[in-house]
Structure formats: structure tokens, C-alpha cells
Amino acid sequence: MNEKLQSYEKQLTSDIVNNCDLIIEVNASSKTCQETLSSLLRELQLSHFSTAVRPGSDTSIFVFVKVQNDYLIELAHNDRTSSFLCGALDDLNHVNVNSVTDIDSSERIRLVYDKITGSKTEDSLGICPGENPYADIISIFPLHQPKFDIKWSKYWYQLLLGNKKQLDSINAEYGSQVALYFAFADFFKTGVFVLSFWGILGYYFLRPYSYIFAIGVALWGAFFIQFWRVQEHKLTNHWSTVNCQSLAKSMTEFKPQSYRVDSLLGTARPYYPQWEIIVRSTIANVPLFLISGCILLFLIAIAFIVDVTLSEVYSGPLKSIVSLLPAVVFQVLTLPFTFIYSIVAERLTKLENRRTKTDFQASLSGKMFLQNFMLSYTALFLISYIYGPFAEYFVPHYIQNRMSQSFFSVGYIAKSTFKLNPLRLRNQYIYFLTNAQVINYITILAVPQLISYVKKHYMSKPTRELHIQDIPSETVTLKRARSEAEKIEYDCYNDYKDFVLMFGFLVMFSPIYPLAPIFSLVNCVLYIRSSVYRFTKMVKKPVPCRVDSIAPWDQRLSLLSWLGCITMPSICYFYSSTTKPSDKSMVIAAVIGLLSEHLWFLLRMFISSVFPVDKTFFAPAKERQHLLAERSFSIPPVADVPTSTTTAFEEADETLSIYRTAENKKTK
């Protein structure tokens, strides 16, 4: 009888491993690992989660978590009820959950993850990686579904054809955040495709630095933003995520000032005054922006001056090689700066005390975008507004004269009259559209794999001789789990950043080279393909997240479009004329930019009124509550977890003994 019971329990735990919802990775090297495992298993099993413990990597243990079906139905019903009351879900029939088959993969994982990691004040377990009392937890992640990933990788090109079913399947598997990103990528690709025709017309039929071409690009940018907002609203309404941010769970790191009762849901919600968050953000961000901005501007300016000197003034040996030094040195100097900046930015964002993970990521991405903005556009601004108009003045007087008096006076400084390089701005712009994008593309794909390879083969040599014998029925799943645990976590910032920066290159500098949209179109296709590859092969499966927009990236699109209405006409003014700029040129360019900027606001108002975003009708809260009260839903009672409560603890002890045995052998 005992043998049959043990066999049945092993079968149940194998089912948990092979059909788990989440994997919790625990640091096996920690002295408090056993206490963490015991507390974790006890908390999970008391909350209707089935668990199984298995050896992970050389230094970590896996806790496989699967939610009980009856409890999942209850979680889904409660979540959909809240969504209906807040307006995110508009169909009352969808509130009812008859079986687990009514719950797609992304909703299932999101509900389980929110229940486990959410704050205890919001009726969750408060199990957060790296936070006490679960500091030994390394990460919590779901497993990829190989069948879906293989199919997605095979038919990725359907995203380029605007296939809505493909987006719906992505939403069902990865959640609305990922689906909305690919929807935006596809929409941007379509927009750039349209702009490419205007670029061809401008290149072959309009004169260089044409005002007409600049006006066309400005119109395209404004229409693109509004059309995307319309499309975005349609998708979020279709996926029932409108106004879903009001339901977002608080992070465990959030420190509320008080608690307030939610009038709709009737639950206590943690509260922290928005004005205090703004004050904290201002105090933290202003010094960061000023100091980092000055340092970065100084580095870019020095690299720019040295580049002009070596490429256009220096006439010594190995000029073709020496002229490449500024770019190499600049990259070397900015790498540590970027690393330090990202660490400081993340710590300052934590001090802002953001309530939700979405708010935290939005604030952090704002800090990072400032740095990417300067790295991407400052060189073009310097060439457009400093080198082009004034190089014939400051290069002979400040570079040639002073350098000729230094150790370069042996004849390496050209003494002939300096001539402005008319192709410098165009060449720099084409570099950012081609070489820089190729480097970025290779970096996105190659660097993570290189890091994983180095860690696996050189940096993480086994320090223990682990003797692990996996159960045959679990071998495939455990192999996948160990492989995916080594992957990096998905960061949506870099995905949006590439497209938004590309948008900026188009709407701010297109008159420099009208064929730029064609290069951007090729980059779009490559980025979409690389995104699919990274999702399926290179990163951990992201925990599904509900979002109702791509904010704050839509605001950055508007910012770049507004700046473009200043830069494009002023660049056309400086470079369309063959006469040299006069003393009043900068003033005239500023006036042109100011007038264009005012026209941009009028244009945005006009487009918004002609192509408005359809407002979703929300029934009053009391009416929604009344509708729910009239409707009766049959929810099955939550039964006990069908596994022995001692099985997981026994597995934890057995797994820990494997690591302890290996540790003892190593010390002998």
C-alpha cells in the first residue's frame, strides 16, 4: 500500500514538473537555503499551490509551482470581476469562468505570478526575489512553450503582413505588453514603407534640403502618431485591457503612507501622495540629468573636435587609420559611463517609491532614454548647427593655429586654407542609418549569446561534483528549465528604444538624405526578425503583463516629432542656400524653428479632431455593481491540494543533501 502511495505521489509531482506554471529558482549556496525552502513551500501549499523540488544548476534549486484548477478559476473570476468594475472588461458574459480551458496561457501565468509576488496587503503572498525574507530567491520565471515558439519562428513574416490572428496568438501566450510591442513594430514598418515613397520622390525630383520634403516628413510624423493611437485603442479594446492599469498590483518594495478603501472594489489599497513622488523624482533626477548630461556632452564635443582635427586638418602618416581613433576612444569611454549611469538611474528610481512595476519601468526608461537621446543625436546636432555654419571660422582660428604651435608643428597640420567638407553631415547621417544600426543589430544578437557562452564554459566551471539522476519522465522538462534559467531576462525598453530612435532620425534629419526611410525600412524588418528570435531563443519567457498603451513611448514620439518641426526647417535654411551663413543666420533659423513649432501644435490639434480616438463608453460604476449583483455565477469550491503536504518537503531535503554531499567532497 505504501509503495502504491509513493508511486502515486511521484506521478503527481512529475505532473507538477512537466506542467508547471512557474519555476522559483533558489540559491543553494546560501546558508539559509533550507529555511527559505521550508518557508516558501509552506506558504505556497497553504495557498492552494502544488509544488515539487528538483536540483537546478550547480548553485541553485528549482521549486516547480502549479496552481490548483479550482483555485485558478476563483482567481480568474475575481480578477475578471475587478476588471468589469473598473471598465477593463466590458462584457459581463466573460466574467464567468466555467473551466480552466476558458483561461489562456498568459492570463493563467499572470494570475499565478501576481498572487505569489504581490504585496500581502493586497491579499497576495509577498514572495519577491531578493527581498527579505526571501532574499535567497534568485528569480521566478515561466517556461517557454516549444510548440508555440517553433510555430512563431516559422511564420514570423506574418507580422510583416499585419496578421491580426498572429497578434491575438501572441497576446494569448505572452500577454498584451508583448503583443502591443509587435503591433507597434508592424505599424511602424508600414508607416516607414509609406514614407519611403516620399523619400524616393524627394531624392529624385526635389532639390537637396527641400522645404517641401521637410513639410511632407513633418506631416507624416504627426499623422503616424495619431493613427497609431487610434490603432492602439482598437487593439487594447479588443484585448480588454483598457484602463487595466488601475488594477495593477503593488510591488513589495513599495512603502505606502496610508491605506484607502477602493470605492469600486471595496478593498484597502496602499496609497502614497503623487506630489511626494514628483518631489522625490525631481530631487533625484535634476542632479542626475545635469551631471550626466554635462559629462556626456563634454565627451561627445571632445570626440567631435578630435575627429574634425584628424580627418580634415591632420595630414600626417596613417591618416586613414588615425582618423578612426576618435570613434574607438569615444566608444571605450562611454561604455563605463553607460554602465555606471544605468546603476545610478535604477537606484534613484527605487528612491521614488513607485507603486507598480509599470510605473517603475516608465520612470527608469525615462532616465535611460535621455542618455540614448544624447548618444544618438548630439553628433548630428553639432555638425548641423556648429560645424556646418561656423567650421570655416573656428577650424582655421582655433584648431589649425593652435595645433600648428604644438608638437604637431613638424608638418602634420595642413597649412592650406581650410575647406568645409559638404558631405560630412550626410556621411554622418548615413553612418547612423547603416553602420550604427548594423553594430546595434549584432550587439543585440551576439553579445548575450557570447556572455552566456563565456559564463558556461569559462566563468562557471563546476565547483561541485553533483550526482543528479533525473526521473526519465522529467528529463526533457528539467533540461529546458536549466537552459532557460541561464538566459537573461526580457527588457522591453531596448525593443521600443530602437524603433523610437529610428523615428527620431527620420522626423528630425530626413532632409539631409531623403532615401533614409528605405534604410529604416530594412532595419525595421531586421529588428522584427531579431525580436522574434530573441523571444524564442535568447531570453527567459517574460511574465505576461497587461497594458493599455505603449506609454511612455508615445509621449517620446510626440517629443521627437515636435523637435523635428524645429530641426528640419532650420537645417534646410542653413544648407539649401549656397551662400555662407551671416551673423543673423542663427537668429533667422531660430525664428523659423519657433514658427514651425507653433504650426506643429495647430497641426496636432487638427489631426486629433479629424481622426479622433474612439472613446470607450463606460457604464457608471453603480450600474456595473448592480449588473454584477443581479447576475449569479457558479464557482466550484476550492478543494484541498491533491498531493501530500510532506512530499515537497521530503524532496527539498533530498535535493539539499545532494548539494551538501558535493560540498563535503569538495572540502575534503
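Cβ from N, Cα, C; glycine included.
According to Swiss-Prot, the feature transmembrane segment maps to 182-202, 208-228, 286-306, 321-341, 379-399, 430-450, 499-519, 557-577, 587-607.
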- Interface check, the transmembrane segment (182-202) with the transmembrane segment (499-519), three or more C-beta pairs under 8 A: yes
- Here the stretch out of 208-228, 286-306, 557-577 with the most C-beta pairs under 8 Å to the transmembrane segment (499-519) is 557-577
- Task: Determine which recorded stretch among 430-450, 557-577, 587-607 has the most C-beta pairs below 8 angstroms with the transmembrane segment (208-228).
- Result: 557-577
- Distal contacts, the transmembrane segment (430-450) - CB-CB under 8 A, six or more residues away: 376, 379-380, 487-488, 494, 498, 502, 505, 513, 516, 519-520, 523, 526-527, 530, 533-534, 538-539
- Message: Using a Cβ cut-off under 8 Å, which residues of the same chain at least 6 positions beyond either end of the transmembrane segment (286-306) come close to it?
- Response: 325-327, 329-330, 333-334, 337, 341, 344-345, 348, 367, 370-371, 374-375, 378-379, 382-383, 387, 399
